[in-house]
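Everything on this sheet refers to the single structure shown next.
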Amino acid sequence: MLSVAARSGPFAPVLSATSRGVAGALRPLVQATVPATPKPPVLDLKRPFLSRESLSGQAVRRPLVASVGLNVPASVCYSHTDVKVPDFYDYRRLEVLDSTKSSRESSEARKGFSYLVTAVTTVGVAYAAKNAVTQFISSMSASADVLAMAKIEINLSDIPEGKNMAFKWRGKPLFVRHRTQKEIEQEAAVELSQLRDPQHDLDRVKKPEWVILIGICTHLGCVPIANAGDFGGYYCPCHGSHYDVSGRIRLGPAPLNLEVPPYEFTSDDMVVVG
């Protein structure tokens, strides 16, 4: 009856098939089997990522189709239309959104933009690091009041001509000498070839009559004696270094001249050291 209904063409919707079963004493020779209902395909939920490649082998690619014909069993194809494949639209640039267009033409512009962003970020980080290091170093430096105490003001009118006076500056001995005209001419006439540490007398003074030196021997740090030695300047009693009136090493183991500190004349009779 089913085959007749299938072959009846336009009359198939109004035809119906009926059958009756009568219980008998004999058992059938062959047991009737009920065909198993095919299960719809199930997606593998163990896959951690959803992409076009991972879903291409599991989801049905064709739309929902139902086909029927004479002497042909009916078939149904299922299509999962609720699966959203990510396209990364929000993460791509406008130049590469079109998958059918080559991205080679815009590669230089995109690289330039990336380089620009990297350079700006690097400069910003370097500037921030520089400020942090500068503030850290400044926090360890001496404050303004400490620096003010590191300066000493000397009244030159208290030092007679030809004499040397010692002061204490930053924990070091400071020599201030008022030279005579003879001493000025004598030191200016010294040949630089005779000096171990060549330096002209005028390069060590701001006023020829005043010599300001740090009274520490450049050999091992002893304090020299003023108005002593073979050259009438300074003499170190520790190891016998002789300095002239300009503080230049002339004899002995000391390798360098006496150090000249920074100083400035505020008036004819006043000098500030430091």
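Placement of Cβ uses the backbone N, Cα and C atoms for every residue, glycine included.
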Listed range which Swiss-Prot flags as transmembrane segment, given the options 104-140, 215-251:
104-140
Which has the fewest other Cβ atoms within 10 Å: H219, H239, the binding-site residues listed?
H239
Average the per-residue pLDDT over the topological domain 'Mitochondrial matrix' (79-103) and send me the rounded value.
76
Rounding to whole Å, the Cα atoms of C217 ([2Fe-2S] cluster binding site) and C238 (disulfide bond) are apart by 9
Please report how many Å separate the Cα atom of C222 (disulfide bond) from that of S241 ([2Fe-2S] cluster binding site), as a whole number.
10
